[in-house]
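Pulled from TrEMBL, these are the features on record:
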type	residues	note
DOMAIN	1-118	domain 'Response regulatory'
DOMAIN	154-369	domain 'Histidine kinase'
MOD_RES	Asp50	4-aspartylphosphate
Amino acid sequence: MILIVDDTPENLISLKKVLEKYDFEVDTASSGEEALKKVLKNSYVLIILDVQMPGMDGFEVAEAISGYSKAKETAIIFLSAANTEFKFIAKGYSSGGLDYITKPVDMNILLLKVQTFYRIYEQSRKLNEMQKTLLEEIEFRKEAERKKDEFISIASHELKTPLTSVKGYVQLLERSINKGDTDTIRKHLGKAQVQLEKLNSLIADLLDISKIESGKLKFNKQDFSLDQLLDNVIEVMHQSNPEFKINKKGYAKCDIYGDEMRIEQVIINFLTNAMKYSPGTDEINLTVNVKDNELYLAVKDSGIGMSPEQQKNVFEKFYRVEETSQRFQGLGIGLYIASEIIKRHGGQIGVNSSYGEGSEFYFIMPTNLSTEV
Ligand code: ADP
């Protein structure tokens, strides 16, 4: 928008008419004081400012405006009937003006100038936008780099923990073998095996991440019995976590078309998290049903729960709830992989949770989608 400031009403009207004829949006002020008020309220691309006005003259107005952050980008053209001496023109430029036109105004010249200022303004606006986008992109890189570094340090730590345990059990085994103590040997072997399993699943998750990144996560889809899969999973989970009771409600009662191992991985991730993030509790509910060729599976715990903000991010790569990240071990990639698996089965993954009261993770997927997603 252009602001014309002139104390002579005829000048205001005639300038306004010409500019509006060329589709410029125009506002007017009949004194320096009124102009300052308007500049505070509105954004102008250009101000055409009469120099000789009672009260504040044009130079004073320009000086005051140059102090407003809002008008930083605003161009000023002075209009002056007299004072064409060089020192006045110089004063105009030094008080923030970008151009100086003497009256009587040649409308063609003024229009050319207005159009040029508009073009410059548009270009500088675009440049500013580009600069902003570039800065944001740089920040986003930087942020990705920081997350990667943090992830490498957590991953190394997570891998080192079971590895150190295995090393310890192997040393103990050596001693027990020397003593010929078979019971203890069996116990240590069992414990080493649990730690090796942990190591294996951590490495498998890391490999999955790199497969997802490179688009190489492949699925081997065929019909399988979900009810049988659930029975097996519940039995295995119960063996390694006997303190938890998993209450299963419902049946699929039909075959599901999908990658059995990958769907199992999602369910194990839900159950493992439900146990990990629910200290002091001993029950988990697993609900399953199939309706209208759609499978619904949910795992509900009564653990620490999550705030709405945390729920929004929980399927993001590397996301871990900050306030509990020290208390519970993890890499923050299990749910990201799970969501990728469900998406690639044409389904949806989600969570309902209340902070301090527990969480319910669920997925919905078609039971017979045969096309590759
Ligand atoms: P990890 O558990 O290895 O950190 P996940 O991707 O499985 O990674 O989970 C991401 C984050 O979501 C966890 O760090 C935790 O903060 C939160 N979370 C996952 N499951 C639950 C749950 N059942 N209850 C509360 N918070 C959970």
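The backbone N, Cα and C atoms fix where each Cβ goes, and this holds for glycine too.
In this structure, Asp50 (4-aspartylphosphate) is part of a beta strand by DSSP. DSSP assignment over the domain 'Response regulatory' (1-118) gives 56 helix, 23 strand, 39 coil. Along the domain 'Response regulatory' (1-118), the predicted structure has mean pLDDT 85.
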